[in-house]
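Q: Before we start, here is the structure in question, set down as structure tokens.
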Amino acid sequence: MTTASLGLSRDDRPILIAALFILVILVAGTVYTFARFGSAPLLSPTYLLQQLQIGAFLGIVAAGMMMVILIAQIDLSVPWTLAAAAMMATSIGGPLAIPVGLGVGLVVGLINGIGVAYLRVPSMIFTLGVNAVMRGLMVAHTGGYAPQTAATDLMRMLAGDRTLGIPNALFVWAAVSVIVTIILQRTALGRYVYAIGNKEAAAYLAGVDTRRVTVICFVLCGLAAALAGVLLAGYSTKAYQGMGDAYLLPSIAAVVIGGTNILGGRGRYLGTLIGVVLIVLLNSVLSIMDMPEAGRQVIYGLVIIFMLLVYGRGERVTS
Amino acid sequence: MLDDIAIRVRQNIGIVTAVLLFTILYLLYNLAHPKGFSSAVLVQNGDEIFALAMLAMAQTVPVLASGLDLSVGAVMTMVGCFASYLLTGAGGTPLHLDIFGLHLGLGTFPGGVSGILLGIVVCLAIGALAGFINGCIVVYGRIQPIIATLATGAVYIGIALFLRPTPGGKIDEDLNWALTNSLGDFAATVHIFGDGAAAWFAPIAWIPVPFVLLILIALLVWVPFRRSVLGRAVYAVGSAEGAAYMSGLPIDRAKIAAFTLAGFFAGCGGLFLAIQTSSGNADIPQAGAYTLNSIASVVIGGTSLLGGTGSAIGSIFGAMVLRVISFFFRIFDIAPLLQPLFEGLILLGAVCIGALGVLRVKNTLELFR
């Protein structure tokens, strides 16, 4: 039976396979814990919600990253945008903390967008430079030590507390997801994003202001990273050096595992969502198994390669 | 004749800029350094430059074929960790493998000079093998290079961590001394040319070994590759893969060769780094920093990230420019806290200046390549 006969489009197949793989991880992890400890923590809602709460930060970063990958660019400035937003938010404090944190993301996104769209510097290298500058600014600002300032109550409430038993961070993630889905599926901007990812010259000739759209995508990515930073600072009650380092590669991996083409123009947000859940669950199963860091890295890499071999293969160049 | 030179300069404007930038910066550095223009300063700089220069060369080859290799730093780290077991010299090292609760003895890796030479060959082969695996995944798996090497990079880092959960190991001290100093010290350590005292040898005894190695690798590995059919195919794939395919070029083999060569160069870098620090260290942030700096070096060295134009020689100069900039911080007493900021600003400034050409473009369509 081919995928076409199942009524699946090219974009649905990765999502379905990734979802199946999540089930495999859950079953394998449960079999392991049952055999070893006689319990099944992976199936308890409390544990799953807790894992998803941690996953929300990655999910928000990945949502922004997806906007940028869809237009065939990449944003390597995420780690220090995230950290800078968190550090600025905690050091300003008070009611302005969150707006200032998000403002950092907005400004970084704007600079990235202008550099990539108007100066035509490859995003790979421009955002790398911006990341280095942000790191430099933060090192100079904090003196290289962990900042002593603490997150505001609102930040802690958004990231750490629960409403009706569900972590607030999940609501924020859900809100971001709804916004991104609406942008991608219901607005002209979303159409432009896919058009640019497929062929920027064609989109330009069709009358799209491709440079403005590029800037908007980078701004959204910067905002998402900043939001994740603000929340992460709230969750751990403070900002710290290198807090964003663990989010760059997993966010790219989540987007790609979800079926978004790294060359842009193709992919659905649902896939990114599934990709994030897959990575989060994989991480938690590996930590239940007490896997040393070496094994984690190897398995992590092999899973990405395996998933892409199943459905992420490109087409052969023949003309 | 002059026209010819002018055309060649225009065609290689990126490399020429990098060479000029490096020359000016390095002269200024030596003028400002209290012990400038001495062999000691040169030796120290050579040691600091070598690993990044190798990684810049490594990154160049896949970039020429318009694919990025995000695993070069990981390959470097992994090879370094292998080296910390295989290059101990003297009596050799007993090797064993502890996996899944099993304890497997693998015999003893030989020591002495022959053991060290064998160890070097094995280390370089491991680097090349890692690159070959990257190439096969990209070509036969048909996965985008950037994401495939992101994944294999995680695997290689995992292997490095498995080998060296904590920094450690030992490298033969003579080897360390011979390779990280001047040619004179090298000759004295390996007992050639009358322990380096031969009269004809004196005028070149001051040259640092890392520079000699760099030039040898560039001349013996890169230049022949560049001139081979495979090398030309790499450029062709980078500028127009479809056209290269229609012209009957071996594009699959070219891509695999590009990644294998990248692994080999990264292996050279890792080997040197291990010899220089006398230990193996599975340092993940360091691997990431080297990967990113290798991309920056490639761009500063005048190679287009879109592929098809540029050269590994340019990337060497790109890497040297990056490193010299950090040397300046030592001289001019810039507060260490401000150094990362300056590094970032200079990198950003360099790529922006390189990008000013877009202002001259009259037809906007030309921007979308």
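Keep in mind that glycine also has a Cβ here, set from the backbone N, Cα and C atoms.
TrEMBL entries are annotated by machine, without manual review.
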Q: Identify the transmembrane segment range according to TrEMBL, selecting from B:228-249, B:338-359.
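A: Checking TrEMBL against the ranges B:228-249, B:338-359, the transmembrane segment one is B:338-359.
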Q: Please work out which recorded stretch in B:49-68, B:256-275, B:287-306 has the most C-beta pairs separated by under 8 angstroms from the transmembrane segment (B:115-139)?
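A: Maximum Cβ contact count belongs to B:256-275.
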Q: Kindly say whether the transmembrane segment (B:287-306) and the transmembrane segment (B:49-68) touch, using the definition of 3 or more Cβ pairs under 8 Å where each pair is 6 or more positions apart.
A: yes
Q: How about the transmembrane segment (B:49-68) with the transmembrane segment (B:338-359) - do they touch, taking at least 3 C-beta pairs under 8 Å (6 or more apart in sequence) as contact?
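A: No; fewer than 3 Cβ pairs under 8 Å.
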